[in-house]
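Okay, so here's the structure we're looking at.
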Amino acid sequence: MSSTSEQRLWTPDYLRAFVVMLGISLVFITLMSYMALYAVKQFSVNDTAAGFAASSFVAGGALSRILIGKYLDFIGRKRTLIITLALFVLSCLIYPILNSYALLVLVRFIHGAAFGVASTTISSTVITLIPLGRLSEGLGYISLAGTVSNAVGPLAAIQLSERASSLWVFGFTTICAIVALLSVLPMTVKERTPTQDEYDRRWRIRGSDLVDFNMLSIAVVGLLTSTGFSVVMTYLPAYLVGLDMASTASMFFFVWAFAMLVVRLFAGRMHDRYGENAVLPGALLALVLGLAVIAVADSLWHFIIAATLGGFGHGAALPSLQAVGISRTTTNRIPIATSTHYLALDSGLAIGPVMLGFMIGLTGYTGLYLAGASIVMLGLIVYWFAHGRHARGAIAPR
């Protein structure tokens, strides 16, 4: 594709898709940052139950991603977006009137399911809006929505809850959800009509209907990367409190988000022009080094260096992994491939804190972050032997 029009990336629908992704990501991150604290304050539950109030959202998202890949094109992409984003708005409105912990967990699960469907659908839609020769670049820019959310969401949750009340937190997320819903309405969404064979087999569930096995090895790399990163999101504030450096947390996450923002401005272009090996090995290694520096850090500058390395690595790796995964599948299976990618990332965020948290009692936080670094290093090894050593320059989607 050589014409300017065919290579154009920043179309009105692409911008609308960015706003949708930003809106739902802000809701996700803001409430993930606040929900455990809210559960303790509102329902006087213990720390484990409070954590489950937050993570039940991830569980709902993971379950819905497994199913939506197969059925998305039967329902219709725009219809799916409108329904799930309406449910997204409703969930945000309901939180303040819930009167029991059990109802909170139930709504969190449903809200997470809506998020899983909406994020998978908008990601599948975005792929159809991006010129094939700019796939990694286009995915990188869209993923900036998550970068901005990681910086703004926790800050909004903390400031609004401390300076005002929980109603302001839920009001903020409701506005974000409404903006996302309104942005979908004028979008032109490319629908795909299932084949007769797909229609005949719509009620038969096979493994390949839930997971795209062509990109499974890349999804494993995403799972390992997300597992390593999860210890930063979950345990870093407590680690800094133990070091009497609690005020460093805001600076750390700001630098991490800023590094992700900067790297995504050029990493996607590098991937599209020179291939995935120009980005992914260095990105994963940078994340490994960032986690290793956290393990031994004892000053503000150590944590700033760690955040810079980790943010660069994490920011470059995720969109490139998604682009590689999409390049290994076919057009009709893009929703399933997209679902597989995000399911791997969500699973890593969910299992990482549970799988690695016990190490704090055994080795302290140093051992925890070295374990996280080791897991990401394993992801780099898997990437190289499963894909990297065979890659030859840029790969265009089939």
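Cβ from N, Cα, C; glycine included.
Please treat TrEMBL annotations as automatic predictions, because they have not gone through curation.
Just so it is clear, the model here is predicted, and its values are computed rather than measured.
Copied over from TrEMBL, here are the features:
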type	residues	note
DOMAIN	9-391	domain 'Major facilitator superfamily (MFS) profile'
TRANSMEM	14-37	transmembrane segment
TRANSMEM	49-68	transmembrane segment
TRANSMEM	80-98	transmembrane segment
TRANSMEM	110-132	transmembrane segment
TRANSMEM	139-161	transmembrane segment
TRANSMEM	167-189	transmembrane segment
TRANSMEM	210-236	transmembrane segment
TRANSMEM	248-267	transmembrane segment
TRANSMEM	279-297	transmembrane segment
TRANSMEM	303-321	transmembrane segment
TRANSMEM	342-362	transmembrane segment
TRANSMEM	368-386	transmembrane segment
Ask   = In terms of Cβ proximity under 8 Å, which residues at least six beyond the ends of the transmembrane segment (139-161) contact it?
value = 9, 14, 17-18, 21-22, 25-26, 28-34, 37-38, 123, 126-127, 130, 168-169, 172, 250, 253-254, 256-258, 260-261, 264-265, 267-268, 271, 315, 318-320, 322-323
Key: Range from 49-68, 110-132, 279-297, 342-362, 368-386 with the greatest count of C-beta pairs under 8 A to the transmembrane segment (210-236)   = 342-362
Inquiry  = Just to confirm my parser: what is the rounded mean pLDDT across the domain 'Major facilitator superfamily (MFS) profile' (9-391)?
reply    = 87
